[in-house]
Amino acid sequence: MIKNREIEVAPPRRTIQFGGYTFVEPDLNFKAPIFSCCGSIRDPSCEEREEEYIDNGHDEEPPVEVNRIQESTSFDEPVSSPPRYRPSENPGPSSSSYEPGHYSFNEYQQFPSRPQKRLVDPPIVDLDEEPPIVDLDDSFDNFHVGSTSEEVVSGDIAPEEEEEEGHDSFDDFESVPAQPPSKNTLASLQKSDSEIALNQQRHDMHGRFRGFLQDDSEEFSDEVGLLGADMNKELYDTLKSKFGFNQFRHRQKQCILSTLMGHDTFVLMPTGAGKSLCYQLPAVILPGVTVVVSPLRSLIEDQKMKMKELGIGCEALTADLGAPAQEKIYAELGSGNPSIKLLYVTPEKISASGRLNSVFFDLHRRGLLARFVIDEAHCVSQWGHDFRPDYTKLSSLREKYANPPVPIIALTATATPKIVTDARDHLKMQNSKLFISSFVRDNLKYDLIPKAARSLINVVEKMKQLYPGKSGIVYCLSRKECETVQMMLTKAGLSAEVYHAGLNDNLRVSVQRSWIANKFDVICATIAFGMGIDKPDVRFVIHYSLPKSIEGYYQETGRAGRDGMPSYCLMLYSYHDSIRLRRMIEEGNTTTGVRSMHLNNVLQVVAYCENVSVCRRKMLVEHFGEVYDEQSCRNSKTPCDICERQRKNAEAIRLFDVSTDALSILKCLPRMQKATLKYISELYRGALIKKSQEQAMRLGHTKLPFYSKGQGMSEQDALRFVRKLVIEGYIHERLYSVPNQAAAVFAYAELTEAGRDLANGKKTAKVYLHIVTCERKRKNAGLIELSNMNIVSEAQALKERHMVKHGDVFTRCLQDLTHLITAVAESSGLSGPYSIVSREGIEQIAALLPRTNSDLLRIDSMTQIKVTKYGRLIMELLATYWKQVDEREEEEMRNQLDKLKSGEIVMGGFATLQSDPGFPSVPYMKPLGGGGGCRGRGKKRAFSGFSSGRATKKPRATAPSARGKTSGRGGAKPATSLKRNMYPATSM
């Protein structure tokens with residue numbers, strides 16, 4: 001037992017670099033803490049303190065207290081936990097009897113006694129066979145899919161190695177070593193160039209934000225000078241006495257100083273970084289009432305309870321509050337010196353309640369309206385993943401309370417530069433001070449595996465081993481899916497409950513509080529759950545379905561590991577989930593601009609999932625404008641699955657130039673009406689399924705120029721290639737529905753305007769595809785075919801793209817860079833600039849404008865020695881061009897915002913499907929969104945559309961639903977028997 005009641009972390013000591021090693025200057029006054037055996041009896045003086053802490057990689061102010069001793073810091077070691085109530089009949093091992101051991105993702109075999117075929121690609125219906133039927137109601141909550149086929153097919157994402165039977169891909173993900181390797185081995189003394197580049201003194205932009213967002217923290221670094229000694233002392237005294245903290249963390253101090261000085265303040269911090277303190281502490285110190293606008297009643301209730309526990313006057317005016325309670329709050333607000341320091345309200349309450357606005361006017365007149373706080377400020381922007389119309393009405397707060405102006409604080413954890421700009425414009429706080437914390441969550445491991453029949457069960461078994469008795473979240477797309485997953489988890493031996501909008505308010509609150517109190521393990525929820533939840537020990541977050549946006553995914557995964565301990569974030573990826581999301585978007589009544597934005601968000605998530613080469617942490621972080629060196633992830637204890645594979649084998653992935661084949665497909669696509677992506681990929685490989693072979697030959701599709709060009713690709717590679725054309729914007733999958741069949745949806749490939757321009761020669765472009773070339777089961781013939789394709793370097797591929805996008809910047813930068821390197825060569829007595837960097841290398845630098853050491857190291861002829869020697873000079877020169885590019889992209893971003901507001905952006909739309917010779921005429925087929933069908937209880941008839949030209953089949957009868965007629969689109973009743981998945985897009 002540690003005798004010290006409070007242990008303070010010593011400031012970091014000075015380090016000395018020598019060669020490839022780092023030495024720490026010893027502390028001559030070091031005193032070892034006193035330890036003694038306590039006979040397993042807990043000393044009451046060593047009570048744990050609940051304090052959230054997140055390691056965000058670049059924080060300037062580490063916490064000054066060690067609040068608790070954690071059980072594990074590695075994915076290899078199971079985390080022990082206190083006993084908890086477990087309603088499940090098959091509870092996991094308790095912490096009392098559990099002996100920590102070493103668990104590796106490679107060592108643990110799932111279900112060793114039951115070998116099974118692994119579904120890399122979940123079987124779904126393809127229009128080459130028969131159209132799918134999907135049943136859903138207005139809210140999409142009663143969606144259900146029929147039994148899956150037993151056919152084993154390949155997925156889209158090529159894993160590092162194909163798994164053998166009985167071995168799930170999840171077992172191949174390596175966990176963090178429990179003990180570091182011996183430092184006496186030669187291997188431990190050798191470092192790669194990229195590792196050295198990461199650890200050397202940095203002159204790049206790693207950990208900094210691009211020019212879109214300018215952090216104002218430096219302006220508020222001197223608290224004594226800004227506040228005065230007395231006010232500053234009161235600030236820290238209140239921090240300790242009311243909130244129990246000794247120091248601020250992240251950007252809290254600067255945000256609070258800005259608020260205390262009366263500035264409008266915009267706070268952009270990740271989940272769990274302590275945003276709430278930025279307005280709660282000023283509310284306690286300064287007189288008056290702080291009005292907090294929050295989107296969820298559950299979130300409001302949680303905050304109110306916390307404040308009252310801390311002895312801070314706090315009330316909430318919500319729709320479910322009784323009249324007597326409301327009268328009491330209004331009376332207190334009207335008193336001469338209200339005891340209420342924080343008043344929580346919803347945006348709907350502000351827009352609907354005249355009495356509340358009258359109270360605000362009265363407080364403002366008396367000088368007691370301290371500030372407005374807009375929590376979850378991303379809800380203001382239509383670009384935000386959780387846009388709420390009532391939030392846009394909050395702009396009136398600036399107009400109504402302008403003399404004197406009432407300060408506004410806006411806070412969010414998930415806002416891209418575009419959302420920040422839009423939100424500031426909406427709230428009329430363009431001149432607000434901006435404070436940004438790093439988006440890097442070093443303790444989270446990001447992972448992705450194909451969504452297959454037993455994927456979730458295998459993952460759950462692994463979580464039970466790694467985190468026995470610990471909490472987790474499984475996010476689902478619909479209410480029905482939540483209930484299905486909850487039953488699966490219960491059967492697997494985990495205690496689980498559901499949380500979605502279909503539950504009444506009391507039940508939702510009860511479920512949430514029970515989960516926070518550790519009365520059950522896993523909560524199966526829609527995205528309605530989690531906002532503002534203060535539970536630091538969530539050990540895993542699993543996305544059973546595709547999230548709606550990158551911002552939403554980051555926010556939802558951010559609910560894991562808020563205590564700073566290693567935690568696991570996994571996505572089960574199926575491409576057809578994107579079609580489900582698109583249907584929900586395209587059925588909605590939105591402007592073309594908003595619809596375009598939401599569709600683009602889904603496409604960004606698909607690109608994240610289809611990616612096999614770029615660090616997932618880098619993709620997430622840079623989505624928010626922060627520059628990140630992926631080598632940091634690769635060297636961490638929690639590398640993402642991409643970096644883990646790269647760490648094992650840096651040559652596992654090769655980049656191929658597939659431009660010629662892509663152009664051939666685009667030219668042929670207009671001749672192939674009703675073609676699905678899967679059918680196109682089969683033609684490209686020359687590997688049509690048996691049922692469609694005859695029709696393809698009859699229609700002449702086997703004579704198309706691109707037929708059988710991709711023989712060297714696996715099925716998943718070919719699918720990724722075709723989907724790449726969708727992601728790049730050359731192909732668009734248009735969704736169609738059938739009158740009288742509200743459940744049926746079809747996705748057919750069509751050329752976009754950019755695709756037509758490329759096919760017609762009006763523009764030129766390159767298309768590249770990353771392929772995993774080290775798979776155990778890849779046939780030799782396939783490797784030979786791949787070897788005949790053009791392999792290019794990452795820098796070469798990016799060079800051509802950037803040269804086109806910023807041609808004038810490239811020209812000027814190339815000239816300046818050549819002059820710089822020539823001068824360096826002359827001063828070093830070298831023959832010329834190309835003795836330092838090759839001509840190709842100089843062009844690549846000018847085109848790519850690398851912002852990190854690792855990016856610079858990828859340049860042709862660049863080595864670690866050169867990065868160390870010349871990196872600072874190169875980065876200093878590039879800084880000017882970084883700024884120019886950022887300014888252009890910021891202007892483009894503002895233009896997009898303007899178009900969004902006017903609805904000028906049009907993506908998709910609903911065109912009439914033209915019949916193709918050789919295909920049966922279907923006069924009653926309508927595009928999705930073109931109107932409903934007949935209402936009533938008549939029998940439904942499934943449309944037998946297809947992509948390969950087979951004859952139509954007889955209509956398939958569906959059993960009547962026990963639920964009766966729905967109130968959904970077209971009044972169609974959901975089918976109860978489905979033998980295939982729902983959409984004609986192949987899933988993972």
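Note that Cβ sites are derived from N, Cα and C of the backbone, with glycine treated the same way.
Among the features that Swiss-Prot reports, region 'Disordered' is placed at 46-119 (among others).
If you look up Swiss-Prot, you'll see 121-138 marked as region '2 X 9 AA tandem repeats of [DE]-P-P-I-V-D-L-D-[ED]'.
Swiss-Prot lists 148-185 (among others) with the feature region 'Disordered'.
In the predicted model, residues of the region '3' overhang DNA-binding' (580-583) average a pLDDT of 92. For 580-583 (among others), the entry in Swiss-Prot reads region '3' overhang DNA-binding', with the evidence type similarity to another entry.
Per Swiss-Prot, region '3' overhang DNA-binding' is recorded for 687-691 (among others), and the stated evidence type is similarity to another entry.
For 736-742 (among others), the entry in Swiss-Prot reads region '3' overhang DNA-binding'.
Taken from Swiss-Prot, the feature region 'Disordered' covers 930-988 (among others).
Taken from Swiss-Prot, the feature repeat '1' covers 121-129.
Here Swiss-Prot flags 130-138 as repeat '2', drawing on experimental evidence.
Per Swiss-Prot, the feature motif 'DEAH box' maps to 375-378. Listed by sequence, the residues of this chain that lie at least six past the ends of the motif 'DEAH box' (375-378) yet keep a Cβ under 8 A from its Cβ atoms are 266, 275, 292-295, 299, 384-386, 410-412, 414-415, 419, 423, 427, 531-532, 551.
The annotation motif 'Nuclear localization signal' is assigned in Swiss-Prot to 939-955 on the grounds of similarity to another entry.
Sequence annotations record features per position, and here Swiss-Prot assigns site '3' overhang DNA-binding' to ARG297 (among others). ARG297 (site '3' overhang DNA-binding') falls within a helical segment according to DSSP. Long-range Cβ contacts of ARG297 (site '3' overhang DNA-binding') within its own chain (separation 6+, distance under 8 Å): THR318, ALA319, ASP320, THR346, ASP505.
According to Swiss-Prot, the site '3' overhang DNA-binding' annotation covers ARG388 (among others), on the basis of similarity to another entry. ARG388 (site '3' overhang DNA-binding') falls within neither a helix nor a strand when secondary structure is assigned with DSSP, and so counts as coil. For ARG388 (site '3' overhang DNA-binding'), applying a Cβ distance below 8 Å and a minimum sequence separation of six or more within one chain yields PRO295, PRO347, CYS379.
Residues annotated as site '3' overhang DNA-binding' in Swiss-Prot: ALA501 (among others). According to DSSP, ALA501 (site '3' overhang DNA-binding') sits in a coil region rather than a helix or strand. All chains included, 12 other C-beta atoms sit within 10 angstroms of the C-beta of ALA501 (site '3' overhang DNA-binding').
According to Swiss-Prot, the site '3' overhang DNA-binding' annotation covers THR526 (among others), on the basis of similarity to another entry. Here THR526 (site '3' overhang DNA-binding') comes close to TYR475, CYS476, LEU477, SER478, ARG479, CYS482, TYR499, HIS500, ALA501: these same-chain residues lie at least six apart in sequence, with C-beta atoms under 8 angstroms from its C-beta.
Under the heading site '3' overhang DNA-binding', Swiss-Prot lists LYS548 (among others). Take the CB of LYS548 (site '3' overhang DNA-binding') and look out to 10 A: across all protein chains shown you find 19 other CB atoms.
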Cα separation, THR676 (site '3' overhang DNA-binding') to LYS548 (site '3' overhang DNA-binding') (Å, whole number): 23
DSSP-derived helix, strand and coil totals, residue by residue, for the region '3' overhang DNA-binding' (580-583): 4 helix, 0 strand, 0 coil
